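A short write-up of the structure that comes next.
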Amino acid sequence: MRRPAAVPLLLLLCFGSQRAKAATACGRPRMLNRMVGGQDTQEGEWPWQVSIQRNGSHFCGGSLIAEQWVLTAAHCFRNTSETSLYQVLLGARQLVQPGPHAMYARVRQVESNPLYQGTASSADVALVELEAPVPFTNYILPVCLPDPSVIFETGMNCWVTGWGSPSEEDLLPEPRILQKLAVPIIDTPKCNLLYSKDTEFGYQPKTIKNDMLCAGFEEGKKDACKGDSGGPLVCLVGQSWLQAGVISWGEGCARQNRPGVYIRVTAHHNWIHRIIPKLQFQPARLGGQK
């Protein structure tokens with residue numbers, strides 16, 4: 001007599017488990033499905049975007065990739081041991097008076113990729129471990145990291161976000177609202193060609209390394225800038241946002257023939273996996289492109 005009653009209970013438990021899993025799915029904002037030339041974002045539009053702060057001041061962006069981990073750029077940290085100086089702001093749309101949906105988290109440790117050797121170097125990635133797991137909300141959610149099988153095709157439109165300067169000369173005006181900018185992926189041979197141009201104007205040729213990715217416009221005018229470093233370049237693949245790159249470097253901001261250069265996340269899959277073994281990566285079969 002009691003046995004049939006166990007079936008609905010089992011179904012209920014399975015359903016509850018699926019709901020809990022769906023509630024923490026990466027790369028899916030719940031609210032919605034200032035860069036150079038950028039535009040204001042909406043509340044909860046990019047719930048993985050974080051502000052990394054030193055002594056209370058924003059200096060780099062980053063992305064929440066797990067409840068206790070943030071992905072950013074290695075060049076953001078000159079001294080990875082002074083963790084007491086750093087804090088991470090999550091769930092914020094603006095830096096001045098972030099609002100009720102935002103929270104601050106302390107930093108436990110910073111792991112910079114040991115292969116990073118300085119400005120415009122390969123391996124410009126770092127992982128920031130927070131002191132405690134953060135609760136996922138409508139405004140705080142992780143972005144998906146792509147499996148190495150995922151290829152972000154040339155011309156694909158992706159988005160870069162951050163609180164950086166709107167130009168080389170100006171600061172983002174208060175209340176410093178998070179900016180977003182759509183940028184197309186540029187293939188590496190073309191990007192190398194662009195970075196070899198204009199040497200008569202004093203530019204030094206730069207080489208786009210194997211773990212780098214270019215995105216932006218040949219004519220310039222729109223780009224990430226100072227203060228955006230470490231932030232995410234994300235692409236909508238299927239129904240999920242995958243982080244293709246980490247904002248790394250460029251020649252000035254939004255200059256002609258000088259698109260933004262990002263560190264390719266898939267190139268550092270093994271390093272990230274070593275530090276966060278339980279982190280799951282989104283494979284190409286779930287919507288990626290080959």
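Backbone N, Cα and C define each Cβ position, glycine as well.
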According to Swiss-Prot, the cysteine among CYS158, CYS191, CYS253 that forms a disulfide bond with CYS214 is CYS191
Students should find that the Cα atoms of CYS158 (disulfide bond) and ASP124 (active site, charge relay system) sit apart, in Å rounded to an integer, by 20
One of the active-site residues HIS75, ASP124, SER229 has its Cα closest to the Cα of CYS235 (disulfide bond), namely SER229
Looking only at the domain 'Peptidase S1' (35-277), mean pLDDT returns 88
